[in-house]
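Here's the structure we're looking at; comments come further down.
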Amino acid sequence: MRPVIPYVTAALLFGLGVYGVLRRRNAVLVLMSVELMLNAVNLILVTADTTARAVLPHSGQVFALFVIVLAAAEIGVGLAIVLQLYRLRATVAVDDVPLTESPDPVGGREPAVLDSEAGR
Amino acid sequence: MTGADVLLLALGAVAVGAGVLVVTTKHLVRAGLYLVVCLGALAGDFLVLSAELVAWVQVLIYVGAVVVLLLFAVMLTRAPIGASDDLDRPGWPAALIGGGAGLGLTALLVDAYRWSTVTLPDAGTAERLGEQIFQSWVLPFEVLSVLLLSALVGAIVLSRPDIGRAGPHGDGRAADLVDSEPGGRR
């Protein structure tokens, strides 16, 4: 087995993920690109498990499992944030999100969907 | 070139091709479906690399759960059916940084490993990985379970508007709910 093949695959997938995160406007597509990057890291970990003989056997695969669990937690919280953003602003375009909220909603964009509990 | 190399090349080509389509397609739903192809090809890669348990966990969690969650999010945010033109930013910096990262890592790894061969270790079955997880890595495993629980609670708090939003201007009902519920306290 030549380890350079999965390593190059993982490097290219990571580059694609970085490109997607920077290029896409839709927050769901940004999350998909993050998944691509996490999977590239998983492939690197599993391949390194075959090339490096560590003291503890199968450490790379154990770490890959941990990364998969982390990705599951990340996608849960990320999608909750995306849905909350959609509920507030009726858009999921990440460059429409103001990084600093103006104190009065006059200058900023009005929240498109007002929910009753906000009291505004 | 052995059979494993040919398989790795083919699956890697499928994964990278599907990845390119994920980041370039104009259809939101198709991006999710290409992601399934990419993750499935990676699961095949894991199988060839003798990581059985990781491959099946990948199929279960990624292809089964994460992609379904992403498709739910696509539907819940009322994504348009068909091609949409406003998915992308003008992207020279993105192409520069992404291409730089990908090609730089490729050059680094190719230079490190050349065309060398290794023999595959014994397969990472559930038995062997379970021994490792529950002997050497049991503390990270437990910490990870706490993290999953907190992510679950966080997602619930985020998606329920009646907890976490109630300030001094909120009505009494919401404030009472916050005070009486231990999940709402942070």
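Here the Cβ of each residue, glycine as well, is placed from N, Cα and C on the backbone.
Noted in TrEMBL for the protein shown:
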{"type": "REGION", "residues": "A:98-120", "note": "region 'Disordered'"}
{"type": "TRANSMEM", "residues": "A:6-22", "note": "transmembrane segment"}
{"type": "TRANSMEM", "residues": "A:29-48", "note": "transmembrane segment"}
{"type": "TRANSMEM", "residues": "A:60-83", "note": "transmembrane segment"}
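Long-range contacts of the transmembrane segment (A:60-83) within the same chain: residues 27-28, 31, 34-35, 38, 41-42, 45-50, 52, 54, 92, each at least 6 residues beyond the stretch ends and with a Cβ under 8 Å from a Cβ of the stretch. Within its own chain, the transmembrane segment (A:29-48) has Cβ neighbours under 8 Å at 3, 6-7, 9-11, 13-14, 16-21, 60-61, 63-64, 67-68, 70-71, 74-75, 78-79, 82, 94, counting only residues six or more beyond its boundaries.
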